[in-house]
Ligand SMILES: NC(=O)C1=CN([C@@H]2O[C@H](COP(=O)(O)OP(=O)(O)OC[C@H]3O[C@@H](n4cnc5c(N)ncnc54)[C@H](O)[C@@H]3O)[C@@H](O)[C@H]2O)[C@@H](O)CC1
Ligand SMILES: Nc1ncnc2c1ncn2[C@@H]1O[C@H](COP(=O)(O)OP(=O)(O)O)[C@@H](O)[C@H]1O
Ligand SMILES: [K+]
């Protein structure tokens, strides 16, 4: 049930693994890749008669395409392989794959043919894989544009062409796959930024290569198994003190809702006691829909909480800055979100204090906040989300989640994770505040920082996913609605963990 987290490698890692495996590999990795992809493609061809179009490029990705094309020819399927690059410059494995395709009776066409009357049964993109080095242009870009127009399942080999393997950036134009079969292991570009919109459903074909055995991975795709050790039943003989006290600091005039959302999320995720410290002098003193919350002026909170979060609706006033400076000095797990991050970005001295903290620090920036913290900008952060998150984590000695499509979690020891749950319906006000509340709740209940961050980010997105399966979102999903569903999911995981051996 709790499947292991899958490793993710950037291009350099895949190349290193390939270099070690390839010399003795029989059958060759390309033979394995083309065959494995053909096996995945069979599933897409159920009830789809008609010819298969395979667009092959100049390198080894093109070679994979020729292997796939040969398998389908040999199985009696009509296949049209389109290839217009210079065969003299083909790498040896790919040249052999082309020769084998010819030997099977196939002959590539040098322009992209128009779709047959009944349409293609399947469109296969074997133009570029991990070897893409610059934006697509000219004929290659035209081919991608035409392939994207086809009304058929669109199947990418290894990477959708035009998508940068390490970052998920579109270089010029990219193939919009409905399905991608990627080889050896996952790559970051499939999972973050523009990756999910271009890769569609991703299948990993390991090609009998034990990637982690050759090169221990630094990156993983998040799965609940990463926080499975925390999914233990509560002791019957326990009390509210056993589940932590937490405080959320924020709620400047006009922004109390942000702090209340975080506080509610912390309460609903099982924290023993939740305080909300609000800066607005006219803030409510009770949350009538959650009277369990203890609402206080921001400077009248108990200091001995188990974990603290500061930022939701904090604003950037002097009072907010003073509150932040005090919070950073508390020897407790600390979550910094929203304006706490913006204030920190403007205060290098405070950054030094933060980096010297003994207790865990967790930062939850969206790309604009991360840009300010790195003294760069949103575009620079988005250009390489994994690198930006790691840099922030190393500089501030903090666990970091860089939010957005494919949230990247970076740990101060250099390991990183990409989360796959969540959807664009979460792009609505207050969603980040709820994440902060879920996170501080897990910290208050004693989860170690890294697991709490992974768990909260995964849970947050999974709750939104469940709601949208029920028609609550993506359009119109509200942050408040995520809270109750997150509670349900966490309890479900706890039960599942107990059923599977405590
Ligand atoms: N290296 C190996 O042994 C294996 C590679 N495999 C496949 O091979 C792929 C990697 O092969 P390659 O390294 O040959 O790389 P690709 O096939 O991805 O493409 C590289 C070729 O495209 C050119 N190129 C890069 N960007 C371009 C652009 N924007 N416009 C025009 N030309 C451009 C490069 O100069 C090079 O000739 C993998 O993604 C995978 O599909 C698999 O067969 C498994 C084994
Ligand atoms: N397109 C998306 N795909 C996946 N998750 C998203 C997407 N857009 C937003 N989210 C998630 O929603 C949350 C929004 O947080 P944030 O930007 O801080 O919102 P707010 O400031 O309104 O609280 C983050 O957890 C983010 O990862
Ligand atoms: K491809």
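Keep in mind that glycine also has a Cβ here, set from the backbone N, Cα and C atoms.
TrEMBL annotations: computationally assigned, not manually curated.
According to TrEMBL, the feature domain 'YjeF N-terminal' maps to 14-215. Annotation source TrEMBL lists (6S)-NADPHX binding site at 60-64, 129-135, 158, 258, 313, 366, 433. Sequence annotations record features per position, and here TrEMBL assigns K(+) binding site to 61, 125, 161. If you look up TrEMBL, you'll see 223-493 marked as domain 'YjeF C-terminal'. Residues or ranges marked as AMP binding site in TrEMBL: 403, 404, 405, 406, 407, 432.
The two recorded residues, residue 61 (K(+) binding site) and residue 158 ((6S)-NADPHX binding site), show a Cα separation of 8 Å. Residue pairs drawn from 403, 404, 405, 406, 407, 432, the listed AMP binders, are separated by up to 14 Å at the Cα level. Comparing Cα positions, residue 130 ((6S)-NADPHX binding site) lies closest to 161 out of the binding-site residues 161, 405, 406. Fewest other C-beta atoms within 10 angstroms, among the binding-site residues 60, 407, are seen around 60. For residue 432 (AMP binding site), the number of other Cβ atoms no farther than 10 Å from its own Cβ, over all displayed protein chains, is 25. Spatial neighbours are here defined as Cα atoms within 10 angstroms of one another, and by that definition the neighbours of residue 432 (AMP binding site) among the binding-site residues 60, 63, 125, 158, 161, 366 are 366.
For residue 61 (K(+) binding site), the Cβ neighbour count at a 10 Å cut-off comes to 26, with all displayed protein chains included. Checked against ligand 2, the binding-site residues 61, 63, 158 give no residue with a Cβ under 6 Å from it.
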